[in-house]
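Per TrEMBL, the features are as follows:
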- Gly27, Leu28, Gln29, Ala30, Ser31, Gly32, Lys33, Thr34, Gly74, Asn130, Lys131, Asn132, Asp133: GTP binding site (BINDING)
- Thr34, Thr52: Mg(2+) binding site (BINDING)
- 1-23: signal peptide (SIGNAL)
Amino acid sequence: MSSFFSALLQWLSGLFFSKTAEIAIVGLQASGKTSFVNVLGTGQWSEDVVPTISFNLRKVKKGNVTLKIWDVAGQPKYRSLWERYCNGVDALVFVVDSADKEKFETARFELHQLLSQSSLLGVPLLVLGNKNDIDGHASVNELIKALQLDKITNRPVSCYSCSMKSQHNLDIVLQWLAARSH
Ligand SMILES: Nc1nc2c(ncn2[C@@H]2O[C@H](COP(=O)(O)OP(=O)(O)OP(=O)(O)O)[C@@H](O)[C@H]2O)c(=O)[nH]1
Ligand SMILES: [Mg+2]
């Protein structure tokens, strides 16, 4: 009976009290990080996006969940900033252009470099293989292998194939992010 009441209380509090998740989005330049935040915020795809300088902070409200999102620039000169913006977040999102296989090795290096920071120990990781609307894109299994995601053992890791352009799989991505809220 007590578990029934605690489940009921949890359900009611979900209805009336808002929850927040703080998320940092990183990844190489042109992988689609800002496009992702734009699609989440507006529900609309737009080609009209410029390379990020340093970072953008955006708040996106979905139901009773507010996502506070650090959209960090991916060009090489900004990558040393990633750890600073990832510090203290509820989840890390690493976006990869799954159609640009030549960049996988650099993406793998930068991802593992970031995760080796002791300040980020245990923070859940979501890897998004973006641009799956493009022919020849890598599958989830190919991404797991190329980015050596199976070697990450010190945190929960998920990987989805998606497209900001066609909005494919964004519903499960949003569910994953909302589940990090508290
Ligand atoms: N085909 C396709 N193109 C996409 C998709 N998502 C983003 N793009 C394009 O990829 C390019 C880069 O997108 P951005 O969102 O600016 O990439 P970013 O990761 O924020 O780049 P930086 O801010 O430089 O780190 C743009 O021309 C987008 O229109 C997608 O799902 N499919
Ligand atoms: Mg950007």
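Including glycine, each Cβ sits where the backbone N, Cα and C put it.
Automatic prediction, not curation, is the source of TrEMBL annotations.
The structure displayed is predicted, hence computed values, not measured ones.
Overlay of TrEMBL annotations on the structure.
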{"residue": "Gly27", "record": "GTP binding site", "CB count, 10 Å": "25"}
{"residue": "Gln29", "record": "GTP binding site", "CB count, 10 Å": "16"}
{"residue": "Ser31", "record": "GTP binding site", "CB count, 10 Å": "24"}
{"residue": "Lys33", "record": "GTP binding site", "CB count, 10 Å": "28"}
{"residue": "Thr34", "record": "Mg(2+) binding site", "CB count, 10 Å": "22"}
{"residue": "Thr52", "record": "Mg(2+) binding site", "CB count, 10 Å": "18"}
{"residue": "Gly74", "record": "GTP binding site", "CB count, 10 Å": "23"}
{"residue": "Lys131", "record": "GTP binding site", "CB count, 10 Å": "24"}
{"residue": "Asp133", "record": "GTP binding site", "CB count, 10 Å": "14"}
Distance from Thr52 (Mg(2+) binding site) back to Ser31 (GTP binding site), taken between C-alpha atoms, in Å: 11
Rounded inter-Cα distance in Å - Gly74 (GTP binding site), Thr52 (Mg(2+) binding site): 8
Thr52 (Mg(2+) binding site) and Lys33 (GTP binding site), Cα-Cα, nearest whole angstrom: 9
Annotated binding-site residues Gly27, Gln29, Thr34, Thr52, Lys131, filtered by Cβ under 6 Å to ligand 2: Thr34, Thr52
Whole-number Å value of the largest CA-CA distance among Gly27, Leu28, Gln29, Ala30, Ser31, Gly32, Lys33, Thr34, Gly74, Asn130, Lys131, Asn132, Asp133, listed as GTP-binding: 21
Rounded Cα-Cα span from Gln29 (GTP binding site) to Thr52 (Mg(2+) binding site), Å: 8
Between Asp133 (GTP binding site) and Thr34 (Mg(2+) binding site), the C-alpha gap once rounded to whole angstrom: 17
Rounded Cα separation (Å) that holds between Gly27 (GTP binding site) and Thr34 (Mg(2+) binding site): 11
